[in-house]
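Peer 1: Have a look at this one before I ask anything.
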Amino acid sequence: MRRSSDFLARLLEVQNTEVTNWDMRLVNASYEWVERHMTFQPTVRGFQAAVRAALLEANVTPWNGFTVDHVAGTKVSATTFDASGRRHSAADLLAFARPSRLRVATRATVTRIITNPIDPAARHGRSPQPTIAAIGVVYQDRLLDQHQALLRPGGEVILSAGALGSPQLLLLSGIGPASDLSYLGIPVSADLPDVGKHMFDNPRNGISIIPSVPIDHSLIQVVGIPSANGAASYLEAASYIVPLAPALRSAGPFIGSSSPLYVTVATIMEKVPGPLSEGSLWLSSTNPLESPPLRFNYLSRPEDLARCVLGVRRVAQVLEGRALDGFRSPVGSDNRRAAVRRDFRIVGMALPVEWRTDDRALANYCQQTVATLWHYHGGCVAGKVVDRDFRVIGTRALRVVDASTFSETPGTNPQATVLMMGRYVGLKMIERHSGRPVIPS
């Protein structure tokens, strides 16, 4: 989903440089290009339609209909699934490339960036002056054989390995905190203390139910945005199949020893925007195939915890709405004359009884049930590791273009912004090489 231009201006406005109208025009044109080629308007029905009505009933207003913009209220957002159910991805955008200029290596894992020191007499241009230049990468194939891919004159290495992969690759290449690199025996190419620092992930807390009636399986379509400026948690919902209990053992000779029990679960969740709580990523090994340790420190800042409390309370208010009554299950009673009470069958930790008034109990609930929304970002933050053109500070011919450059995530999902960045940076590079402005199409 697209975010307002405020986020983009903050991302580009590092090192006290002004964001021009032309920059923002290029940003918006890049958004529109991505949306035109790989997003669709979903057909909202079933559980998602009920959630839409429940959000409005809980006063998450106004109703904004279908829009890709980040606006306060309840809306339907774009999806990457087309009408036939086929999912579209960034790979689809390769269809608009020039095949003669593109080589794609599959099952190839980049393990290191190759850099050379720059002769002090040849340093010029940006401040601070670049001290090293990227000249290519080392990668290994599925058989673990090593290969090199070297730049042509005027070429660049562009990292898009994500918030976990990009800082890891910089560190493995000797670009990062000098003391940490030296401890692991990695030769220091550029001392950049903030590589791997300022890592973020948006906390997610949800209330999951087993609905009383069969429901369709749906990813997030309807979004509740109580405040467009990021002051309140975003509200979303999904339904999916999960294994709920271990299987009973079978006595049959041709049946497996256990059969999983699958149920449909519906979840209404809140996502803390920002967030302010930050962690870090570091290397524990020089093996590029070993995942680096990291810590996000979820809800460690009181502001994030306070937003979670309000967000979970709002989720509970949504569940109380009449629009979701059809998903409640009858609660058994031995007294046939008594009215049958209906309630939600909660999966996992139940809400505190006094959720309406007990902030402390809700805060404990937030801390006990926090989970990831897989919106990892940071580690190569703009203004600390990369400049406003996403070039790694102190280097030449090396950029990072992915969510590792974010210090916050835009809107309820960063996917559109990450894809936009690829288009935007590509057009800016064409401008630089051609010497004239690119006309967005």
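Cβ coordinates are placed from backbone N, Cα and C, and glycine is handled just like the others.
Okay, these came from TrEMBL:
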- VAL110, TRP374, HIS375, PRO414, GLN415: FAD binding site (BINDING)
- CYS308-CYS366: disulfide bond (DISULFID)
- 162-176: domain 'Glucose-methanol-choline oxidoreductase N-terminal' (DOMAIN)
Peer 1: What number of additional C-beta atoms lies within 10 angstroms of the C-beta atom of GLN415 (FAD binding site)?
Peer 2: 19
Peer 1: Using Cβ atoms only, which residues of the same chain lie under 8 Å from TRP374 (FAD binding site) while being at least 6 residues apart in sequence?
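Peer 2: In sequence order, ASP201 meet the Cβ cut-off.
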Peer 1: With DSSP, how much of the domain 'Glucose-methanol-choline oxidoreductase N-terminal' (162-176) is helix, how much strand and how much coil, in residues?
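Peer 2: Counts, helix then strand then coil: 11 helix, 2 strand, 2 coil.
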Peer 1: Rounded to the nearest angstrom, how far is the Cα of VAL110 (FAD binding site) from the Cα of CYS308 (disulfide bond)?
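Peer 2: Pair distance, Cα basis, whole Å: 38 Å.
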Peer 1: Could you round the CA separation between GLN415 (FAD binding site) and CYS366 (disulfide bond) to a whole angstrom and send it over?
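Peer 2: GLN415 (FAD binding site) to CYS366 (disulfide bond), Cα-Cα distance: 26 Å.
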Peer 1: What's the most sparsely packed of the recorded positions VAL110, CYS366, counting other C-beta atoms within 10 A?
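Peer 2: Across VAL110, CYS366, these recorded positions, the one with fewest Cβ atoms within 10 Å is VAL110.
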Peer 1: For VAL110 (FAD binding site) and CYS366 (disulfide bond), determine the Cα separation and express it in whole Å.
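Peer 2: Answer for this pair: 38 Å between alpha carbons.
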Peer 1: Cβ-Cβ under 8 Å from HIS375 (FAD binding site), same chain, 6 or more residues apart: which ones?
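Peer 2: Expected: ASP201, ASN202, LYS271, ALA403, THR409, ASN413, PRO414.
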Peer 1: Determine the C-alpha span of the FAD site listed in the record, that is the greatest distance between any two of VAL110, TRP374, HIS375, PRO414, GLN415, in Å to the nearest whole number.
Peer 2: 24
Peer 1: Grab the pLDDT values for the domain 'Glucose-methanol-choline oxidoreductase N-terminal' (162-176) and give me their mean, rounded.
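Peer 2: Mean pLDDT, the domain 'Glucose-methanol-choline oxidoreductase N-terminal' (162-176): 98.
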Peer 1: Have a look at the recorded positions (CYS308, PRO414) and report the one with the fewest Cβ neighbours inside 10 Å.
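Peer 2: So among CYS308, PRO414, the recorded positions given, the one with the fewest Cβ atoms within 10 Å is PRO414.
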